[in-house]
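Enquirer: From Swiss-Prot, for reference:
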- Lys72, Thr75, Thr77, Arg82, Gly308, Thr309, Val310, His313, Asn326: NADP(+) binding site (BINDING)
- Ser94, Asn96, Arg100, Glu110, Arg132: D-threo-isocitrate binding site (BINDING)
- Asp250, Asp273, Asp277: Mn(2+) binding site (BINDING)
- Tyr139: site 'Critical for catalysis' (SITE)
- Lys210: site 'Critical for catalysis' (SITE)
Amino acid sequence: MAKIKVKNPVVEIDGDEMTRIIWEWIRERLILPYLDVDLKYYDLSVEKRDETSDQITIDAANAIKEYGVGVKCATITPDEARVEEFGLKKMWKSPNGTIRNILGGVVFREPIVIKNVPRLVPGWTDPIVVGRHAFGDQYKATDFKVPGAGTLTMKWVGTNGEELEYEVFEFPSAGVAMGMYNLDESIRDFAKASFNYGLNRGWPVYLSTKNTILKAYDGRFKDLFQEVFDAEFADKFKAAGIVYEHRLIDDMVASALKWSGKFVWACKNYDGDVQSDTVAQGFGSLGLMTSVLLSPDGKTVEAEAAHGTVTRHYRQHQQGKATSTNPIASIFAWTQGLSFRGKFDDTPDVVKFAETLEQVCIKTVEGGAMTKDLALLIGPDQAWMTTEQFFEAIRVNLEAEMAKWA
């Protein structure tokens, strides 16, 4: 069959270690045999970032901004040991953080559900997407130890000289205190990105807060979400047959455990930090978790696996030993990016190809072929394959599926 034409370019961001090896296999064996796609390639290996003083990361982020879609391989965020290992000029910042700061938007983590991989929460038969508002609150707070008895006040001075002052607490003795903040604009952007993600998936959106206690602070999140929804999304949601609701965080946590999935959970910063890990563990494996960064306007997206570079396996690979590394989340980084590309470009065949490759991955595992991490979740009697064998199984199954298109 003729290759499927991808109308607009996709930014491809390469990474490090074991995931870098798998990344190349995905591109060469699963993507390029079927798609005619213009890939704008950026090498974000730690060596390249060091060589360019991290300029390559900034260039890659700006390219995603220009073309609208990026797919990213896992990368090393250097610590002291890595600086020494690679002889780096300095301890470069997380590429994900740099890209996120340039693109803005919200990170949505979505699990890949495979029937025969047991879940800690068996009722979760469909994905639960957690969107985390990665700005402000505890993560930008000023906190300190209060040395002894005294009065804690909070003061705001406007640029026009207007002042607001609140007495927070009369300390009878030593303790701790904290002041934190958020911005209306950031909350609105968070709302837009969350609603756009829900629309894209065709799933309902729930915002969780504790507005009964933090009436002004969390109340602002609730009010701004409602405002954005009513003004820009109510009609679109109605047409798509989905809903938006605000829930109290305690009620939402309980509901999430009861429900089967297929919803987007918009979380404040701290809640998102905690609940995204709860959800990941509940679904069984970080090796089956994708991460999608979506801009507020819903027009710029970057997809990647939610796991790291699998250093332990890379060390085995360097010694010439076969590994059993799970490529599924990295494959889904490609498919999620391509799916958005197809939707943006209005090219249904590209979307269909992405969905086909995803189904092939799931069906391959459900058919009993898998890597060691998944086999261990199933039980001691489950056979597993090397990375190469599993990859070949996916390639063969994809070939068979694509032959049906002719």
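Keep in mind that glycine also has a Cβ here, set from the backbone N, Cα and C atoms.
Map these features onto the structure and tell me what's around them.
Expert: Under a cutoff of 8 A between CB atoms, and with a sequence separation of 6+ in the same chain, the neighbours of Lys72 (NADP(+) binding site) are Ile13, Gly15, Leu44, Asn96, Ile99, Glu302, Ala303, Glu304, Ala333.
Of all Cβ atoms in the protein chains displayed, 13 besides its own lie within 10 Å of the Cβ of Ser94 (D-threo-isocitrate binding site).
Applying an 8 A CB threshold to same-chain residues 6+ apart, the list for Asp273 (Mn(2+) binding site) reads Arg132.
In the three-state DSSP classification, Tyr139 (site 'Critical for catalysis') falls within a helix.
In sequence order, Asp218, Leu248, Ile249, Asp250 are the residues of the chain that are 6 or more apart from Lys210 (site 'Critical for catalysis') and have a CB within less than 8 Å of its CB. Following the DSSP three-state reduction, the secondary structure of Lys210 (site 'Critical for catalysis') is coil.
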Enquirer: Let me know the DSSP-derived helix, strand or coil state of Glu110 (D-threo-isocitrate binding site), please.
Expert: strand
Enquirer: Out of Arg100, Arg132, give me whichever of these binding-site residues has the highest number of other Cβ atoms within 10 Å.
Expert: Arg132
Enquirer: Can you tell which of Glu110, Asp277 has the most other C-beta atoms within 10 Å, given these are the binding-site residues?
Expert: Glu110
Enquirer: Reported as an integer number of Å, what is the Cα distance between Gly308 (NADP(+) binding site) and Asp277 (Mn(2+) binding site)?
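Expert: That comes out at 15 Å between the alpha carbons.
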Enquirer: Going by Cα-Cα distance, which of the recorded positions (Ser94, Glu110, Tyr139, Asp277) sits nearest to Val310 (NADP(+) binding site)?
Expert: Ser94
Enquirer: Which one is closest to Asp277 (Mn(2+) binding site) in space, judged by CA to CA distance, out of the recorded positions Arg100, Glu110, Tyr139?
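Expert: Minimum Cα distance from Asp277 (Mn(2+) binding site) across Arg100, Glu110, Tyr139 lands on Glu110.
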